[in-house]
């Protein structure tokens, strides 16, 4: 009996401790909004951990060059440029100047904006670069300030400005070649911020591709399957308001009302990170927006049975046809 009582006492103590932590976390987040910002960006999570971002060839990207650009003073971002597979042999051993000049070749360019966590060398991202390269695209991607080996502090404004700087850098070298913008997950928020700004200054891209997009960061946080506090009393006040306080909105639903270029949305029905219904809702907003009345807006769902989830749409054998 004494042994059982001791076990129950320890178990009860553990339960009370866990309950205390569970209750304390919302107050901690409310008092320190920077915590919630870090959970949105997850820029401190570097996966894979042991790769050298200066050597994209270690990831099988033998026709890729690593650059460093400086969008602002005290900010440096790491960039990868993968040339079309048709230029693979010519690219061997070439320097940065050759790769920059290659952007002027008769091949379209995709500026890829990745999601939170990891780096430009993430496994699923590398596989997408390979697919797009095989289809004849230049692929330019980068790590936002604060990600990977890029220098600076992350913020929505900073991420958007980094993307704008890289877009302008591409346009200065690509001549009349089409330039498309592809955003994935959190990168869709950066992408619509960027394209809205480009449309406002009357220099829109040739098309916008959103893979696994959400409507806005508040709805995404509220719908996120990993949010164990979604039914917690005062969830919005404790968790969503600090996101807004940190200046993080990523308002895709508002941005699409000001975008004037072709739009393609890709979303897997079994996406466990950004629920499928948010991508569909964003499409419905865009499809009825007057800004898209002269442009094609298309939504392509991928059935649950395909198992593409959040990161594996690149595996679809239909992707070349869809992009065409």
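Backbone N, Cα and C define each Cβ position, glycine as well.
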Among 12-29, 30-47, where does TrEMBL put the label transmembrane segment? 12-29
Model confidence over the domain 'AB hydrolase-1' (108-213) (mean pLDDT, whole number): 97
